[in-house]
Amino acid sequence: MDVNPTLLFLKVPAQNAISTTFPYTGDPPYSHGTGTGYTMDTVNRTHQYSEKGKWTTNTETGAPQLNPIDGPLPEDNEPSGYAQTDCVLEAMAFLEESHPGIFENSCLETMEVVQQTRVDKLTQGRQTYDWTLNRNQPAATALANTIEVFRSNGLTANDSGRLIDFLKDVMESMDKEEVEITTHFQRKRRVRDNITKKMVTQRTIGKKKQRLNKRSYLIRALTLNTMTKDAERGKLKRRAIATPGMQIRGFVYFVETLARSICEKLEQSGLPVGGNEKKAKLANVVRKMMTNSQDTELSFTITGDNTKWNENQNPRMFLAMITYITRNQPEWFRNILSIAPIMFSNKMARLGKGYMFESKSMKLRTQIPAEMLASIDLKYFNESTRKKIEKIRPLLIDGTASLSPGMMMGMFNMLSTVLGVSILNLGQKRYTKTTYWWDGLQSSDDFALIVNAPNHEGIQAGVDRFYRTCKLVGINMSKKKSYINRTGTFEFTSFFYRYGFVANFSMELPSFGVSGINESADMSIGVTVIKNNMINNDLGPATAQMALQLFIKDYRYTYRCHRGDTQIQTRRSFELKKLWEQTHSKAGLLVSDGGPNLYNIRNLHIPEVCLKWELMDEDYQGRLCNPLNPFVSHKEIESVNNAVVMPAHGPAKSMEYDAVATTHSWIPKRNRSILNTSQRGILEDEQMYQKCCNLFEKFFPSSSYRRPVGISSMVEAMVSRARIDARIDFESGRIKKEEFAEIMKICSTIEELRRQKQ
């Protein structure tokens with residue numbers, strides 16, 4: 001029988017069919033090799049957009065810098081970064097006029113945050129440029145290394161543990177004539193392996209002291225390391241993203257805190273909220289425009305796209321914005337917030353690993369590090385690379401490129417959103433003073449513009465005026481990539497709007513399935529994903545039930561835990577069958593132990609262990625939840641864990657799921673091969689750091705989360721806490737006198753050791 005596929009959609013409103021257009025099956029593309037070429041592209045492009053600016057030289061580092069601010073007004077439609085200071089300031093003033101007190105209140109909120117934030121805020125985040133080792137490290141390690149170097153150079157403000165004091169150290173470090181750092185290096189030697197009798201390369205790690213003069217230190221402090229952005233779909237070319245070092249991060253954090261506080265108060269801002277809250281906020285703006293245009297006016301919406309948003313933004317412009325926003329605030333606060341944009345005006349982009357050369361005939365490979373690009377003969381490169389290198393050469397210093405204009409990806413998302421909203425805000429009739437007016441939505445570089453006017457000419461005029469106003473502040477709306485529609489149908493940040501936001505369930509497809517963490521977490525994440533999609537993405541009951549059955553099937557194949565009474569043979573089936581036969585209450589067995597699946601769409605919110613607890617045999621309960629089981633290296637599991645789920649589009653999302661600790665919550669051991677590499681010293685530092693943090697958590701468990709405040713070090717805080725707890729336990733009879741005395745003695749010994757060290 002031939003089925004006409006259009007019949008399937010007779011009962012479905014057209015907008016709900018969006019999930020059938022899903023293009024993203026299969027794995028996203030990942031980048032391999034070096035990101036040097038992409039970074040050079042970014043640097044060269046950014047300079048090209050601002051080429052008519054003024055060149056100056058940084059007196060401290062000798063870096064050539066291009067300043068496009070207040071440059072020539074654009075005469076064509078090419079993207080450009082010539083923002084006009086007075087226009088930006090005026091846009092800020094009008095934004096404040098329409099939202100009285102917005103800047104004042106946000107400054108007060110931020111001031112409170114600045115005074116309370118502790119330096120461990122900087123340990124959040126993944127890879128961070130570690131300036132002491134000149135490469136990327138986990139954030140916690142990079143911070144620890146920075147603090148260690150500061151200490152050994154006599155900077156100790158940070159011992160208080162407040163972020164603001166760490167930033168004082170950063171400022172002081174920039175005035176020092178030289179900074180001494182400890183860096184890791186690798187020695188290789190060829191030795192004969194006793195067992196195989198072959199020659200092998202043995203690597204040993206050394207630590208050596210190195211002095212950096214003021215210029216070298218400043219270059220490192222202002223460096224952003226670059227990497228290639230992975231897993232980007234729908235693009236032919238990869239692009240570079242940046243990761244800043246610890247000197248810049250703290251300052252950026254405070255600026256973004258201020259900008260976030262402003263965005264929260266702006267109805268046109270798509271940040272910092274997300275999900276359903278964001279949809280509700282945006283639907284409001286659309287509703288407002290449609291209600292006002294009902295009878296007499298036309299209303300059109302542009303699904304907007306900006307050309308190279310962050311390469312045309314300029315840190316100097318952000319400095320002007322911050323200066324205006326904080327104009328009535330205390331001097332110290334204004335200074336702290338203005339440092340981030342100043343550092344970005346003087347930033348250096350590290351070019352990454354350099355190029356790899358291969359000689360097919362001689363079977364040789366050699367790496368040309370970025371530092372050599374300034375002097376190497378260009379005859380070895382192909383034409384496009386040669387052009388890139390020639391262009392970037394005047395900007396190179398020590399393997400980094402001076403990059404004053406532009407912002408690099410993902411740095412000031414909130415603040416640039418404030419700038420975008422300030423232009424949307426100018427669309428009110430009292431500012432346009434004509435028959436057309438506009439409003440819209442802005443989320444970082446993505447925007448939707450809604451224009452209302454009595455006729456088509458008015459709509460055109462409104463769009464033109466918006467376009468030109470944007471140009472004045474360095475925003476370039478792309479005429480090629482933006483499209484216009486009657487209001488009611490548009491796309492914004494991958495949300496599709498058609499008389500209301502349409503649930504695009506297919507975007508969530510990649511997050512269905514088995515995550516591969518461990519049996520316990522995978523079961524919990526799997527059912528939580530289904531539950532969340534029923535709540536947020538119109539996943540209907542029948543489809544959810546099917547998704548659940550497919551998930552259980554997938555899970556059983558992944559962990560080879562088919563039901564105990566199945567005919568399927570795997571390498572676990574012998575053990576599982578035995579367990580099945582010995583178990584009295586078979587319904588109590590977890591799916592991962594060959595038990596039946598008791599989940600249906602009504603009980604997805606209950607962790608499997610809790611769901612089956614009453615049904616379990618007593619000895620099975622004892623085995624399952626036994627913290628003393630020697631075969632399990634236990635994570636101490638909070639009641640809620642976070643999983644990273646990958647939607648098809650947009651950034652990885654963090655998702656909470658219930659975690660009940662059982663003997664199935666195992667953690668795979670770390671691969672041993674790392675122990676033979678240059679990472680070993682770092683790994684040991686990291687483990688030491690981890691141990692200290694775990695110990696600290698023991699003394700200040702999150703259930704009693706009163707963080708120790710004040711000027712004590714971690715050790716002092718733990719000792720004083722131990723004394724208080726011991727006294728309470730002794731007085732209430734929980735511990736004996738001898739134990740109490742022993743604890744007090746240990747505390748005194750620790751303090752004595754600390755005194756001797758100092």
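From the backbone N, Cα and C atoms, a Cβ is placed for every residue, glycine too.
Here Swiss-Prot gives region 'Promoter-binding site' for one range in the set 249-256, 497-504, 689-696: that range is 249-256. Range annotated as motif 'Nuclear localization signal' by Swiss-Prot, chosen from 187-195, 358-366, 673-681: 187-195. Mean predicted confidence for the region 'Promoter-binding site' (249-256): the pLDDT average there is 97. Secondary structure by DSSP for the motif 'Nuclear localization signal' (203-216): 3 helix, 11 strand, 0 coil.
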